[in-house]
Structures are given as structure tokens and as C-alpha cells.
Amino acid sequence: MVERHAAMRASGGASNNQARETQDWQVAGFHRVVGPPNPIHREANGKRLRGMPGLVSSEDRLPCRPFFLFGEPVKARDLFSLPDSLALFEPFFDADAEPWAWLSRIGEALAARIQPNAPNGYPAGVHIEGPVYIHPSARLPHTATLIGPIWIGPGTKLMPGCFLRGNVIVGANCVVGHCAEIKNALLMDDVHAPHRPYIGDSILGNCSHLGAGVVLSNLRLDQKPITVRLPDGRAINTGLRKFGALLGEKAEVGCNAVLNPGTILGRRALVAPSITLGGVVPDATIAHAHTSVRLVPRRD
């Protein structure tokens, strides 16, 4: 449980209002975060950390093993687990591997396991190239472009105009939205991305959700290899030139948000709409930005 304590630290030149804004969050079995709700720097287990503005701890119970225990190896199992619908791919995805290592395994898994369907009976507007498997219970739109290798699981719904272009695995009961573009990605069960998302070189855990217009950006502007910066100060060079985002199970991203390359969301993490975000959002944590809008009269 998260216990919220007011920390009265009106020392030095700090005002009473500043003292009231300073709060502690105590997370059982995880780490202590000290500072105001919108800090640039925080402390955890006695270490000074660089944080992102607008990161606010939620008052929820965290999983038994929260993601990013300080100083411990980062493992895929701490973010997500492969569902039964994708059991045929399990040998290719090591739960104890670093989660971004799964990105390079998607193509290998498809090459070894995919058994393409004959395109007979698909709507005339569905364009298919290369090896593509679509489960008989999946629902296809009147227009779509699917460039294999692609594997689509049972009960998944593809919306009109979606564009899947190579090395894409989609689990059961997912929604791939209108004008969605997806490449080199793994979507597990019950992933919903229903309205114009871009999902590049990313992994979305079970029951994760993307709001309308979300972009999982996968390439740095300078095209250098992507580094993951963990809350304990570690910087891990993934060696990947293209790496979008990793979403833990039940993570959600609000409409029109942009996740920068190498962003990682823990289980049940939330990202508020219309913000640009990079780095790490721990389990059961909300990331949002404080903005203000000014109303001024027209002068014409």
C-alpha cells in the first residue's frame, strides 16, 4: 500500500505553502520517494535520482515484485508474461531476458512458427504480401494492408485502413485501429489501440491500451543507439537503433501522447493525454504534466 504523509519541512527560506506541498510516498516493498509532487530530483533509498516533471505516485497496491527494483537486473517477466494464445512463440521469448531483447526475437519467432493462410475469402480491399497468418475468428475490415510476416490471433479486430508492415504478432481479442501503423511489434492479449496509433519496434503487454493518436516513437533524431535510463541511475545502452516503447500489463496511454524512443511503462502505469514522455514510469504510477492556458482578448 502507498501511505501518504505530509512532511512539514519549513526550514531555511521555505514558506509554509512550500512545506505543505512537500510530501512523502511510502511504497511497501518498493522504494521511498521524497519531494514535491512535481520534482526534477528525487531521493530513493538514500540515492538522489533524476525524475521527470509531473510524475505522481498512485495510491494503489503494487505487484508482488515491482518493476525496477533498485540495483537488480531488468527482466521481461516484471513487465509482462506471454499469454496462452501465443504459446507457440514461447521458446523465443525468455522471461528472464531484458525486455527490449524481445524486439530482435519477433522476426525469428515468426520465421520459425508462421503457417500462412491462403488469402481466399478475404475482403477484396485487404491487400496481403508475404507470409501472413490470420486466425479464422479474427475480423477483417474492407480495407487494410498486411505485409508479412504477420500473425493475427483469435478474436482480434482489424479496423479499416490499418497498415501492418513486417514482423508483427498480435494476440487474442485485440483491436488494431483505423489507420494504425504497426511494424516489428508484439501485442499480447486484449491490447486495444483503436484510433490512429503508430506502434514501431514496441511490445504491449496484456490488457494495455493506447488512446487516439498515440505515437510510440522508435528512432532518435540523431539516430544513435537508444539508452534506457533506470530510476536508480543506471544507464543501459540497448545497442538498438530502433526501439519504441515497452508497456507493462494494463498500462494505458492517453490520447495524442508521444512516447520517446526507449520509454518503459510499468504494470498499470498511466500516461496522461497530450504529453511527450521519455524514460521510465514505474508500476502503478501516473505521469502527467502541469500546464496552464491563458485567455486573452483579440486585438483586431
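Each residue, glycine too, has its Cβ placed from N, Cα and C.
Note that the coordinates shown come from a computational prediction; the quantities given were computed from them, not determined experimentally.
Sequence annotations record features per position, and here TrEMBL assigns domain 'Mannose-1-phosphate guanyltransferase C-terminal' to 147-269. Remark: secondary structure over the domain 'Mannose-1-phosphate guanyltransferase C-terminal' (147-269) totals 0 helix, 54 strand, 69 coil, with classes taken from DSSP.
The annotation region 'Disordered' is assigned in TrEMBL to 1-20.
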If I take every residue in the domain 'Mannose-1-phosphate guanyltransferase C-terminal' (147-269) and average their pLDDT values, what number comes out?
97
